[in-house]
Every structure is written in C-alpha cells, then in structure tokens.
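Asker: First, the structure itself, so that you have it in front of you.
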Amino acid sequence: MGNVEIPNWLKALPLAPVFRPTDTEFADPIAYISKIEKEASAFGICKIIPPLPKPSKKYVFYNLNKSLLKCPELVSDVDISKVCKEDRAVFTTRQQELGQTVKKNKGEKGKSNSQRSGVKQVWQSGGVYTLDQFEAKSKAFYKTQLGTVKELAPVVIEALFWKAALEKPIYIEYANDVPGSAFGEPEDHFRHFRQRKRRGRGFYQRKTENNDPSGKNGEKSSPEVEKAPLASTSLSSQDSSKQKNMDIVDEMEGTAGWKLSNSSWNLQMIARSPGSVTRFMPDDIPGVTSPMVYIGMLFSWFAWHVEDHELHSMNYLHTGSPKTWYAVPCDYALDFEEVIRKNSYGRNIDQLAALTQLGEKTTLVSPEMIVASGIPCCRLVQNPGEFVVTFPRSYHVGFSHGFNCGEAANFGTPQWLNVAKEAAVRRAAMNYLPMLSHQQLLYLLTMSFVSRVPRSLLPGGRSSRLRDRQREEREFLVKRAFVEDILNENKNLSVLLREPGSRLVMWDPDLLPRHSALALAAAGVAGASAVSPPAVAKKELEEGHSELQNKEKTSLLEELSLFMEKLNDVYYDDDDGLLNDFQVDTGTLPCVACGVLGFPFMSVVQPSEKALKDLSERQGETDAQEIMTLSSEKSDCEWKTSSRYIRPRIFCLEHTIELQRLLQSRGGLKFLVICHKDFQKFKAHAAIVAEEVKVPFSYDDVLLESASQEELSLIDLAIEDEEKYEHSVDWTSELGINLRYCVKVRKNSPTKKIQHALSLGGLFSDTSQMLDFTTIRWLQRKSRSKAKPSSTSSFTPCEHLEVKADGKLRDNLDSQTGKKEEKIIQYSRKKKLNPKPSAEQVQELATLAKSKDFDKTCKNFSSRSHLDSAIRSEMNSEIGDSGRVIGVSFSINPCSSSFTVGHGQEHPEITVKFGSDLDGNVTNSLSMVNGDSADLTLTSISREQHQGHSMTSNNNGSNSGSHVVASQTILVSTGDNHDGPRKLSGDYVCSDVSVRGIQEAVEMSDQEFGEPRSTVTNIEDEQQSQIVKPTQREAVFGDHEQVEGAEAVSTRENLCSEIILHTEHSSAHVGMEIPDINTASENLVVDMTHDGEPLESSDILSSSNGDEASSNGLQVLNDELSMESEVSSSENTEVIEAPNSMGEAKKKRKIESESETNDNPESSIGFIRSPCEGLRSRGKRKATCETSLKHTETSDEEKKPIAKRLKKTPKACSGSRQQEVPTTTHPNRCYLEGCKMTFESKAKLQTHKRNRCTHEGCGKKFRAHKYLVLHQRVHKDERPFECSWKGCSMTFKWQWARTEHLRLHTGERPYICKVDGCGLSFRFVSDYSRHRRKTMHYVT
C-alpha cells in the first residue's frame, strides 16, 4: 500500500485545532468549550484530548452490552430462549453505498446512472450483530480491501476512501443512531438527571400509549404484557449473573474509563451540564439529550450535515480504529449549500429543496469540490480516547478507518443562542417538527443562575479560581441574552397593543378544556394503580423501617454534612426544584409563519370580516359561499370557529406585526395576545439581572388579565386545529404565510415555485438568479479626448485631476448590499460663483454628451489617457466594498471635462461632464447610469466675471485661470431623491481640503493676480481647515446663495501661492510629492490611509503656465497626527514648529472645538467650507533645520505664525532638536505607576485612569492601578510565568497558579484540616475550602 498517491488537495487541507485541557479546566466542559469557542469555531470543528488515558476495550464492551440490553426494540427479532444473556446485547446495522454507478456513453466520459452525483443510497439491511460478531466481520472486510497491512497512515486511508468513492460501488455496514452509551453510569452524581430521564421516558410512553393504533382484533397492546417474557427471562438469570457483575465493577473501579465516566464529560450527562442551554429540555431525545452509539467498520461514513437545531455536538471515540472528519466553518454554510446545490443536485433545484436534501444525510461529496469552490475546509483525525466538538451551523462529514465504537450527544453554549431562531426556521422549512423552544430554554437557564438564597449566606467563601471566572462569563452571556429577549418581546408587545381592539391575557396550559379532561383521566388511572398488593406494601413498610433505623444511627456531623451537600446542590447543580417552579412540559406553541416554538408571548390571529370578504373573492364558489354565510350569520360574534378555512391560527409577535401590515389595506385582522403564566416569575428577576449585566431595563409595564373561559376555549381550539389540520388549505395558505403548507406544496409539486409572503431569511428565494457581486466588473467611463473647437481662439489643457481612494476588499459583499451612501468628491475651483445652470441647459448638454459626434470630436484629448486606463483597470480589480471604495476620475478641458465615480453595488458609474461654450462660460451636465438618479450641484465659473480680479490672459492665449488657487469639497448623493438631509453612512471623516504649497512648488506673483499679497492674518484665518464631524456629514444641495454666504472671504485669502492637502482621520497618514514634469502639467501623488489600511496613491495633475514644481514635493500633516506616528513613519521626518507651538496648538484645538459647536446650522446643510477661505500667506521655508527654527519679527514673511508641518529630516539635523521630541509619546497613553497602555479615545483613557477595566463587557473596578494592569492578562491571555520544573513547558497568568502547579511535581500538600480526627491534607486551597464547606470543619 506504499504506492498510494496522495492528492494535492488532501495534502493542502489544514488541520483542525487541538486542545489539551488541564485537570482544572477539564472539570467544567461547558466553561472550557466556551473559552476555546472563538478560536475553534473559525474552523467549525476541534479536537480535545482529555488529561485521562483512553478506557480499556473490556470496560467499553461491558458498559455497551449493558446499555444495549436496556433497549428491547433492538432484540425484538432475536429468539431470547436460544441465546445466552451476552448474546442478547445486539444491534442492527444500516447498509451504505460507496462509489458511483457510471454508464459510459459514446463521446462522453461517463454519467451517473439514475441518480445525482453525491447522493448515496442508504437503507436498512436487517443485519443483527453482537459486538464480537460485527468486529469479526469488520476485520474480514478490512483484509479484503487493504490486505494484511495492519497500520496505515491516516492520510493514505483517506486517499483510498475518496478514490473508492469514484469507482464501482461497494457496500458497507454501519450501526449508526443506536440508543445507548459505552460510558458507565456515574456514582452518586446527577441524581436529578436520572429522575428527569425517567420522567421523560414516562412522557414518551404515555404519548405512545395514547397514539398507538389498536393491535389485532381491535385490542390495544399493553407495554407491560409485551415486556413480560423479556422481564421474566431477565429475572431468572439475574441471580446467577449478579455476583459476576459485581466482580467486574469492583475490578474496573479506579480505571481510566471509570474516572472518565464519573467526570462531567460523560456524554450521558453533557446535555444536562450546568451552563448548557439544553439542560432544561423537557423531553429525553436520543441523540440530543441522551447519547447514541455509532459502531463502524472500514469506510463506514456519515454524510455532510449539521446537527439538529444546529446545536453543538460532542463525539467520543471509545475504542477501535481512528476516524477522519472534514468540516466547513459556520460562516460559509450558505456558500457550501449553494456549491452542493449546483454541483451535486443540479441547478434546477432551488435553495429550499437543496437544504431539505442535505437534511436527509445522504450527501457524500469530496472536500476537493468544496475547496475548489473557494470554501475553506479542514480535516481532523480522531483517535480512541479523544473528543471531537462541532460548532453550530458547521457542516461536517467523515468515515472510519476500521472497526470502532464512538458516541455522540448534543449540547449548547450561550453562543448557540445567536443562531437558535434561524436554526428553528430552517428546521421547520425542512418539514421537521421543532424539538425545543430556544426562548424557554434561555429563560429557564437564566433562572438557574439566579440563586434562591443569597450566596453570601453560604458558609465558607467561594473560590476565585479559573473555573469560577469562566462560569461567571458564561452566566453573563446568558443573562444579557435573557434581558435583551424580554425587552424585544416588550417592544413588539407595545406595537401590537397600540392597535384598536387589542387584548392581552395570561393563560395557564393546565386550565385548557382538553388538557383538564386528560388530567382527570390520568388522575383516575393513577388512583387505580395506587392500590398496591399486600406484598408490595409490606415490602415498602420494611424498607421504610430499615431506613428509619439507619437515620437514627447517623451522627450529627454526618447529618450536617448531608445537609450542606444538598444545600449546595440546590444552589448550583440541582434543578429539580427549579423545574417544579415552572411548567416545562407545556406552554410552547409553534408559529404558523416560521415554525418556531414561541414562548412566553404568542397571539391567536384571525382575519377581519373585511379581509375575509376580500379572500372570498379569490376562492371557489363553495368556499366563498361558506365564508359569506358565516359572515352574515355571525356578524355579532367576534371570533368565527365553525369553519375550518377561517379558523384562528397561532403566530409569534414578530410575524403578527408583519401580518397586520400585510392585511392593513385589506381590512386588518383580529388578534388575542396570550402570555404564559410563568412570565410573571421570569419578569420578577429581570430588573435585577439587567442591573448585573449593566443593560438599561426600560420596560413598559402592561396590564395582564387572566384569560376567560371563552378565551381559553379559543386558545384550545387553535392548538387543537394546529395538530389536526396543519397541512390543510385555509386563509394562511391563501395569503402565503403558512410555512409548512408552502414546504408541502414545493415538495409535492416542484414546478410550483410558491413563495412565502414574509421574510424568512431568504429560504424561498431563487439563489440561481441572485447576483454574484464578486464577478461584476465595475464600469469606469474613459476620459473624453480633446475636442477641436470651432472657435479661432486656442486653449491649452488646464487641469486633469484623478483621485482614487481604495479600501480593503471584503469577503462578505452581500452584507453591504442596499446601502446608499453620499460620496465626497473634491475638485479645484475658482472663488467666484455663477448661478446654478437651468434644468434645460443640463439636459441639453447631457444629450450632447451621449451623442456619437461629441465622442469623435473629443477622442484625441488628454495625453494622459493611457495612465487613466491603467489606474481604472487597477481600480476595477480592487473595488469590492460599497461602503469604503470610491473611484473618482476628474478632468477639465476646454471642450469637455468629466469625472466618474466608481463605487459599490448600487451605482456602478456616475459621470458628470463640464463643458465650455464658445463664450467661455463653464457649464455643467449630469449623466445618469442604470436609471438611478444622482443629485449633484456644481459651480459654474464665468471667466468674464472673474477676469477682473483673479484671471488674466497670457501672451500665447492660454487661460491663466488654470492655476489652482482653492479647493472645494462637493458631496454627491448617489441614492434616491430625498427632500431632507441624509447623513453619510460610511466612516469617512474628511476635512475640507485646502491646498497649500511651498514657494518652490507653486509660485505666483502679485502682479499675475492683479493685487498685492497680504501678509496680515488673524486667528480666524488659521481655523479655516475644519474637521468634518459626523453631524456635519449631511448632503443637501440648495441654491448657490446658501453657499456664497459661507464662502465670503477677503480677496487676499483667495489668492494663495501654496497648496496643502489636509485629510482628517484618526489614523490617517498623508504624504504628497510633486515630481518634476513639464510646465503644462504637474503630477501630484497623494498617499493616504484609512482605518490603518494603506490606500493606493492617486494622481492629481494640475497645470500652471509658467509655474515651477519642486521635486521635493509638498508635505502634508494631519492636525491630530500623534507624535509617535510622526517619528515612526517610513520616511525619517521631524516636526518643525515655533517654540510656543504647543501653546498655540492647544489654543487652536480649543478654538476649533468652539467654532464647531457654535457653527451656523445652515453650514451643515450646504457646501463644506473651503480651506482656502481664510488661508494666510506665510514665509519661505529655510533650507536647513536650524534656520527654519528661527523666529525673526523684522521680516514680513517671518512675522506670520509658523505652521506645524511634516518635513524630511536631513542627515545634518540630528542634534538636540531631535532629542527634544519624545519618541514614545501618545495622546491617549497612560503613565500611571509605570503603565504604558494606549487607548483609542480619551474617554477610555479616563476610564482606565479611574482604575476601571475598559474591555467590552467587563467594567471591573480595582482599588489600585497596579491591580488593573495585572487584570489585563485575563483579556490579553498573557502568561508571563513559566514552570521551573525541568521538562515542563506550561505557562501561567498568575504567580499563585504556578505555585500550585509546582505542587503537582513535588507532591506537596500544605493544607491540612485542623479538626481533630480528620487530618486530611490537600494540595489546593480550593479543595480545602470545598472540604470545609461540605464537612463543616471550621476551627474557631
């Protein structure tokens, strides 16, 4: 077998994570799994290796045979009289198909014959085996497939398995879903679990008796009579084997299997573990709350599937050969279903049918297809003695490497609550009955965390070890979900109770008419069975007498110890008392619309008479006549119950609200909101729980009245009809809101694509018609070429601006679908504004822009077209997020200029063109794409009006107005038309862009502008570059009169000689360069970052006739850029500022904050103020850093305040100035008591300085700052302490934890009980504290 070729895809599959809990962590399985869930759920599966060796084969077989004997349905086909007791422990297997039936046709490689690829045949074979028999058959099959090779590498067997899946079919047997367990029953633990298990079995037994059809001759079969032969045979052999069983138990006590069975990881108890959401499930369901056994052979496989209700699952391999697992993370479940639908079921099948087919657990496809589709998948090899945990919504598949015996059960951590509701809807859509109500389980689990007696009254302090802290975190998540659910129900309730005629009543399931009759019948049966035979009564009296004598012999100390153990059980582990306080078995009702078992609020709904008349017009003559008759005869009756078609139905509150909106135009509906009587008990604790988890509890109290007898009858009728006529046609199916009816129709008639009227997570959507945004090529219109003007006057290309802001490509594109955002487009402009062009003018130019002649005349313009195309093609490959990706192409030329906005899904392209008419007036036009409107307001520039004071004509006829003297921010709304303002939905925090250069970059003379340059500045001039706060991000475009008022500045401030680009963001680092290009055009490169991610540089081309561009470039500084980021930037830079710049900076920040708060409200709804409206001119920059630091008042240029700017540091500037700049300063860094923590905001820093933890969900307060610093190890998982024992590599967060760990190596037991006569010693203080609490060994 050494020549087996391992596929490359199999070699590349990553391994799932493996965890090794310590003895302390192993004590609480739910707490430990909750701890690793964040890391492990990213893979969908993980392996946990317990700190105990695997159990022996003898121990496993003994417990499994003992468990199989308790299932009489497994031995129904065996003649008990002919076999011994061990041979009666049998199980049945299921035959599986592995391979493909391929029929080769001419010209084709092969096709699957009569069945789709990936769907395998699984059926009952009828084979009955004992463990020894099936093991022998498995070994024989192994030899036929692999020969005499005993051990093969797991990857080799995996390659052989997937190779066999593509070849001629072979048939394997697999004993799956066998009720039972190979764990031994724990001793003196989980007493309440065994009691509930008996109660659950009794519930199923009563249900079977009530629903069991009559046997032969019309007589009901009696379970007692059927079990009599088996019971008598068992009793006859019980005495002979009793001593043998006792010897085996004594022999196995203390072994690895015995220790594991008596731990919390015993799968018989995992579903009922403290902290598991499934702990309070009322029924005992095999495979969910009780484990099932899986006995396999070589290549026995289980199909791709998720667990019932998408719960967690825990699997333990007791003995035998390994198993291989493959899993897909839960985040890719929808993608996985789509790949399976297209490649295995065919594209004609819809999403719901594919989901149903996957639920049948017959789909076996290779992970190669999954990985090839871009979906991550991992593999895992489970060896005997190891646990495998799968997480909610994670699809997994696997197979066995030989004979083995495994076991599995379900449970749920608090994280399952995030998917519980959607999982219930998907289960109902697959036509499966719900097994649980996630709301009821949440409420009961929360109540189990609420102590009925304050824990402070318990003797002895609680331990603060890791297990207790994990328990507190687990309780926090559950309690917070509990409060949020109650508030959400209250919100829905408030909406419904505002409707006229609404009513809320409290109902008791025990008071329903039908339930009362059944209760009386059950009481009569119980009374008849209460008469015990004399022998049984005598035996009970003797047992009671002996028990009394034993109690008399019990010492006072033992009684106190027993009392404390029971008290601790009540507070922490025992839940029998809690179950007695609430009605667990009744009170959950399924919603017609979604199939979810609702609790505690539901509603009984019926259409109004007007709505019924509207429905009658759509029905046949018989139904319409019946509806009209009922409407006329019983018009005085509010509820109509005689017709099955219009019978009242049960809905959850959420879908009652949706149904009310749906029928609002048809006459509305009648509804009765019903509240379970236990809700008052839950609500009594809600305010206290909300205070514990720090959630505001704003609850609107409503009046709860007890339901009248008529209302109870109405509720009972609705429940009874749900059971009898769940698939029949009625008004809910007519409206398309009956989920089970929709599923039934789609299953029976696949051609009928019936749709559900309410939103159910897209289950009824046709995914084949959904857009795949990853394959969309975002269009970018090319720049217009230069046009040949008919006028004799010549023009020179003046400006070409191209801005590109790119964000990180996200994987989840559909989450951004539907977001309409305002984009910020920045362009250069002159100060003087013209009135807004008329609508006719815009429409005329838009028509002209679309004409072919216009395209031909402009195709030769722009020498930079090849650069534009390259940048646009690069942008097309990178755009993927509508919220963060903006592509803007902006150009201005005498004939036509346009800019293109490329962004997300809503508007792939928006083109706006500027044209110059023969008179020189710049006009605007707008081109709409995909039929969507884009509101845009641009400014027009009149050269005639501007020429007198800001523009001149040079000798060669070119327009000197091409100088960039200011920058204006324009907000373009790409959404629908709105009358009011809308806030920007993105996270862009963009300042007004002011362009300031140095004298070397742009040099303009005073004579060129027709007026002298002013050197007088004031404080207001310094504040023109403002930060755009979130409240200022409103895109409303009005007339230009509103803008002109905000842009009124002196003429001297418009004519700036320098350009600076400011981009305000919390983490933006901006750099600018202007390389040397010809005088006709200059290339400006801007480097930006957004949220810590680098944005690609975009080219900004500005031309100035006669201007010179410095190769050193423009230096840009963010006003709030930290000193640390300046020093650690990629280029060696330093901050150059005046000696009193720190004081000026503080004053400037204060003035900025005041100007922002006192700003005119109208300024937030018009154009953003240009930074050039108040720019001050400043002096030339000195050549060296020494001269740049000097402040000379005699020079006019040096009298101006020196602005803070970023400058390349020459090598000569490495003196004392660099030492003065702190290299590790940070605006939000803590320096208390040696603390060096940094924070995102000043608010968190202030909270931190108050000795309070800023981690989300924590908020703990400490009496000293050093304790807060140490506390951060909990959240950062820092482990600075290492075990000093040679060969041990364990690390610890705390010194005391390492000290206690060292006692495991040294054997030290320092804690000794000081009570006389005890003398027990303990290694850990927690064990000593527990001993004192249980035995009351306190020494005063």
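For all residues, glycine too, the Cβ spot is worked out from N, Cα and C.
Take a look at what Swiss-Prot says about it:
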BINDING   HIS305, GLU307, HIS396  Fe cation binding site
COMPBIAS  217-227  compositional bias 'Basic and acidic residues'
COMPBIAS  1099-1115  compositional bias 'Polar residues'
COMPBIAS  1124-1133  compositional bias 'Low complexity'
COMPBIAS  1188-1201  compositional bias 'Basic and acidic residues'
COMPBIAS  1215-1225  compositional bias 'Polar residues'
DOMAIN    262-428  domain 'JmjC'
REGION    1260-1333  region 'DNA-binding'
Asker: Could you check the binding-site residues HIS305, HIS396 and say which one's CB has the fewest neighbouring CB atoms inside 10 Å?
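Answerer: Output over binding-site residues HIS305, HIS396: least Cβ neighbours within 10 Å is HIS305.
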Asker: Give the mean pLDDT for the region 'DNA-binding' (1260-1333) on the 0 to 100 scale.
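Answerer: That stretch averages a pLDDT of 86.
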Asker: For the recorded Fe cation site formed by HIS305, GLU307, HIS396, name the remaining residues of the chain with Cβ within 8 Å of the site's Cβ center, in chain order.
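Answerer: Same chain, not in HIS305, GLU307, HIS396, Cβ within 8 Å: TRP304, VAL306, SER313, THR390, SER394, TYR395.
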Asker: If you run through the region 'DNA-binding' (1260-1333) with DSSP, how many residues end up as helix, strand and coil?
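Answerer: Tallied per class, the region 'DNA-binding' (1260-1333) gives 33 helix, 9 strand, 32 coil.
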Asker: Test of understanding: give the count of other CB atoms lying within 10 angstroms of the CB of GLU307 (Fe cation binding site).
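Answerer: The answer is 22.
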Asker: What does DSSP call HIS396 (Fe cation binding site) in the simple three-state scheme?
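Answerer: Strand, per DSSP.
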